[in-house]
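Noted in Swiss-Prot for the protein shown:
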- 177, 223, 451, 492: L-aspartate binding site (BINDING)
- 223, 224, 225, 232, 485, 537, 538, 539, 540: ATP binding site (BINDING)
- 201-204: region 'Aspartate' (REGION)
């Protein structure tokens with residue numbers, strides 16, 4: 001077997017007249033009666049190779065037997081294509097290789113779907129079952145290549161900035177906070193379990209206490225939770241931690257890192273500072289803590305209508321301490337029928353809204369089922385507050401603030417997609433700051449950490465941990481890209497007393513805190529530096545930069561929405577002997 005001299009996708013006019021040895025897969029084969037043309041593919045793309053009896057009758061005879069996805073090696077001379085056969089869509093489109101030697105390395109069965117037809121609609125379950133074939137398709141292969149380019153850019157930045165790449169344990173301890181853990185039974189310690197890490201959070205903090213100053217890791221994390229398009233049971237994050245820093249330092253580093261990656265991978269120079277918005281402002285204006293700012297259509301508070309209008313729904317809501325907010329969709333009045341509005345009402349019901357009131361703006365006022373409740377002054381007030389004009393559709397939700405935000409925030413995004421308001425070429429980054437430290441869980445009747453229990457309260461809010469925990473704000477910050485949470489970070493607690501107080505507010509007894517996190521509390525007593533960091537979702541970042549619709553297209557071997565590998569059939573049953581060794585028994 002000869003040595004390959006170059007990749008198929010790199011054969012260009014620079015190699016004209018030279019002999020090359022290529023190895024790859026038969027992407028396409030065309031027999032023109034006396035001449036056979038083959039597109040030979042490898043990871044860099046494909047090049048046209050020609051079997052011509054004038055160059056080699058023997059090679060032509062062998063080529064007559066090859067089919068799609070055969071693995072072959074060829075030797076030949078790079079020549080210029082005839083002008084009428086030039087393909088300007090590919091890098092190799094000006095040249096072809098006249099083959100004088102071919103060796104069939106391996107034959108292939110007919111694949112269950114076409115590799116060379118990117119437009120063919122293939123059931124995703126079939127693609128996942130034959131993922132090794134799916135990865136041969138150029139679009140998916142390019143996404144995996146982009147993933148490599150992103151991680152390389154990340155490493156270059158962090159290495160240059162003095163960060164140490166340090167691995168942390170995969171078999172660790174289960175903790176009660178956060179999502180459900182994946183558990184690993186211990187054979188040696190009967191009845192005890194390791195947990196796969198949801199994050200290296202505690203270990204990276206311990207590395208700061210150890211004195212390493214700057215840490216990073218591109219790390220696999222695991223969460224046993226319900227899946228959706230932008231979630232996987234195992235996912236990868238760019239994990240970063242720094243000592244002797246404040247919030248501004250971490251955000252500045254994170255922003256510079258993201259700008260470098262976008263420049264390296266997309267060739268886009270993001271020169272402006274990323275905009276910033278408080279959590280309260282994001283919820284008020286967009287109904288979301290991760291707003292998509294590629295389009296306008298903001299939520300507008302029209303609660304004063306509940307005090308001036310004779311409309312019971314608005315009036316009762318405001319009297320009970322709720323609010324009324326409106327969403328004005330530009331030029332949408334004629335695009336939505338009564339049936340469409342019923343469907344939108346059902347949509348907001350999902351988010352807890354009891355209904356969706358709406359009007360269409362016409363020349364002489366409003367039309368629609370609640371138009372009669374609006375006097376002229378009310379019409380003008382709505383126009384003033386929302387910026388609505390003739391031809392617009394205005395929708396209202398009246399409820400408690402959390403329901404209004406969730407329902408209208410989701411409706412805003414849905415309408416933007418339906419009305420084509422989103423520019424998919426935009427990359428709109430946004431920092432969301434000033435997060436609440438805690439949230440109250442109505443089901444468990446206790447406070448839970450908005451981010452995690454190790455996030456530091458703002459200095460001025462330390463006293464509120466005793467008096468009004470729900471009002472305390474965190475030294476926390478999220479980075480949002482095009483309506484997705486790309487990453488989150490915070491300045492951490494580095495004082496044992498404050499950390500113990502935080503555990504107390506979260507409902508831990510001293511004994512529980514010591515049992516679960518005693519090693520961290522002890523470490524704080526030996527001189528812990530102030531520290532903070534950020535974790536960026538790599539899978540999601542690749543998805544957004546590559547313009548894909550779900551995370552599965554960014555991962556070489558992903559799981560389905562039900563956390564199954566269709567290719568390997570994981571998870572699977574294990575033998576009774578294995579269970580016995582682990583002192584486990586399956587209950588059916």
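Just so it is clear, glycine is given a Cβ too, placed from its N, Cα and C backbone atoms.
Given the structure is predicted, the values throughout are model-derived calculations rather than measurements.
Here the features listed in Swiss-Prot are placed on the structure.
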{"residue": "223", "record": "L-aspartate binding site", "CB count, 10 Å": "20"}
{"residue": "225", "record": "ATP binding site", "CB count, 10 Å": "13"}
{"residue": "451", "record": "L-aspartate binding site", "CB count, 10 Å": "20"}
{"residue": "485", "record": "ATP binding site", "CB count, 10 Å": "16"}
{"residue": "492", "record": "L-aspartate binding site", "CB count, 10 Å": "22"}
{"residue": "538", "record": "ATP binding site", "CB count, 10 Å": "24"}
{"residue": "540", "record": "ATP binding site", "CB count, 10 Å": "22"}
DSSP residue counts for the region 'Aspartate' (201-204), split into helix, strand and coil: 4 helix, 0 strand, 0 coil
Three-class DSSP secondary structure - residue 540 (ATP binding site): helix
Distance [Cα-Cα, Å, rounded] between residue 225 (ATP binding site) and residue 492 (L-aspartate binding site): 26
Nearest of the binding-site residues (223, 451, 492) to residue 540 (ATP binding site) - Cα to Cα: 223
Spatially closest candidate among 223, 451, 492, the listed binding-site residues, to residue 538 (ATP binding site) (Cα to Cα): 223
Nearest recorded site to residue 485 (ATP binding site) by CA-CA distance, among binding-site residues 223, 451, 492: 451
DSSP three-state assignment for residue 485 (ATP binding site): strand
